[in-house]
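Record features, source TrEMBL:
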TRANSMEM  12-34  transmembrane segment
TRANSMEM  54-72  transmembrane segment
TRANSMEM  129-150  transmembrane segment
TRANSMEM  162-186  transmembrane segment
TRANSMEM  193-214  transmembrane segment
TRANSMEM  240-259  transmembrane segment
TRANSMEM  280-302  transmembrane segment
TRANSMEM  340-369  transmembrane segment
TRANSMEM  390-410  transmembrane segment
TRANSMEM  416-436  transmembrane segment
TRANSMEM  443-463  transmembrane segment
TRANSMEM  524-546  transmembrane segment
Amino acid sequence: MSAPREIGTFVVWDYLVFAGMLLISAAIGVYYAFAGGGQQTSNDFLMGGRRMTAVPVALSLTASFMSAVTVLGTPSEVYRFGAIYSIFAITYALVVILSSEVFLPVFYKLGITSTYEYLELRFNKHVRLCGTILFIIQTILYTGIVIYAPALALNQVTGFDLWGAVIATGVVCTFYCTMGGLKAVVWTDVFQVGIMVAGFVSVIIQATVVQGGINNILNDSYYGGRLNFWDFNPNPLQRHTFWTIIIGGTFTWTSIYGINQSQVQRYISCKNRFHAKMSLYVNLIGLWAILTCAVLCGLSLYSRYRDCDPWTAKKVSAPDQLMPYLVLDILQDYPGLPGLFVACAYSGTLSTVSSSINALAAVTIEDLIKPHFRSLSEKTLSWLSKGTSVLYGALCIGMAALASLMGALLQAALSIFGMIGGPLLGLFSLGILVPFANSIGAFLGLTTGFVISLWVGIGAQLYPPLPERTLPLTLVTDGCNITNLDSQGNWTMTTTEMPFSTSALQIHNVERTPLMDNWYSLSYLYFSTIGTLVTLLVGIIVSLLTGGRKQSTDDRFLLTKADFLSNFDFLKKEKLILNHQPYATEDGGTFNPAFNHIEMNFTEGEGKTHGAHF
């Protein structure tokens, strides 16, 4: 075991590896701009012509929610709060099952481009507008954080130019989204998942070598109390317990996987429903792999710095910087590998930002432009889609500048999703699962859910929960040969107690009221749960009061028994499907072949009406 020495710096090779990653991403965009006749229609641009297959889409789904926030946030989360984070593996499984069995069948059979089209079909256009606007706000905010977070962390540790990096990422992203549309987004994501795994694996292998084997790492973690997998405390105020992660996590992530345009858009672009479901299930394997890598990195961090925590010793100024610090510490003898890790963090960013930009373009075209200007030609729409992509790219870079004023990253990102995603998830669940819900109920439910989520979320940012709620584990600085001590010489332990949120908005030394200690101290994972449940409850009650039972709702907008049973179609109707030639229209591509053989148990005519829905 070598004592930690001075950490290395970035060399030419590292910059080359990073630049290479950006160039390949841009090249994929250029390729899809011209391959196969380019992007003639807005359907090609936004939906990949609905001809995607399962595996690339699965990797793409994995990439875009494993952003740099994951690459930098999760290891430091494990380092500070222990491996209980790995319970998310169960959460991911639940989320994927829910998304593919509840939300996917309904969206897929309607053949929509924007998930918010569903809200108009099921409720009315005002509800659709609310959903659209909330989504646009949420995504722009989140994307700002995602661009800024890694740039800041890497800048502080490696001296990598902050705004240079922000603008480079923003521009490259906007470039390949605008050139290549959804196909480019999906294939760059596939490439970027490769880079992310490579970056993680190089860190894990080298850490294992430096620390003398994986057993040493696990032993250190065990004695440091980092292997706290099972914590069944039912208290909803405690930040991460088995229950907050399973229940709260499932709601938070379902609002991302089940209804978030940037995810749904990709699995709806698959060529048939089997591919769409497979893409979700394959993506689960990807999520597990990346979660495992991130948790192992966190344990390696602890093993390496268990006697000398760089954060308390003021070597790094925020927990997000621990991971880059470790990389420069253990990989400095291998020029190019620190660059690979930076490329890994940035491919996380690129993949998230690009899918956001593409989704924002889709929503804007489908929900804001098409309904009002019906006469536009496909060519014009295709150009408009490209224009909106550029516009949103610029907006997201602007948001990154704002994000530089916000506090602790992982939490900020997830609480934005929770605050806005929760009520939206409630709204969609109301439409899909509650036949008698009507538009008044939906609208009031959404408003109430949103107000209450915002109240908790903003309260928690202003008055962050006390350390006994978040339970950070101890970090020690005894092993550091510290040169920059204070006059008393004992400040190192006190900083360990730092509260988690370092938000610029925080209000200090105020009397703690019961409201703050209970309501605002709620685990951030429950923000989404509250939003969803309030929206559902209010929606159901109001619909019943305003005569929701009298209206008749078309079965296509609901989750029906037929949707679930169609999973087993391949058992009974093999012969019929063979004659049906579901892929006959594949070269044309605008008509989604899935509507033919899945709808077979209904009348033939109905399958056709869906096809004409575009």
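Including glycine, each Cβ sits where the backbone N, Cα and C put it.
Recorded stretches compared: 12-34, 54-72, 162-186, 416-436, 524-546; the one with the most Cβ pairs under 8 Å to the transmembrane segment (280-302) is 54-72.
Under the criterion of 3 or more C-beta pairs below 8 Å, with sequence separation of 6 or more, the transmembrane segment (193-214) and the transmembrane segment (54-72) qualify as touching.
By number of Cβ pairs under 8 Å, the transmembrane segment (12-34) is matched best by 340-369 from the list 54-72, 129-150, 340-369, 416-436, 443-463. With a cut-off of 8 Å on Cβ pairs spaced 6 or more residues apart, the transmembrane segment (129-150) and the transmembrane segment (524-546) reach fewer than 3 such pairs and are scored as not touching. Listed stretches 54-72, 162-186, 340-369, 524-546 were compared with the transmembrane segment (416-436); the greatest number of C-beta pairs under 8 angstroms is found for 524-546.
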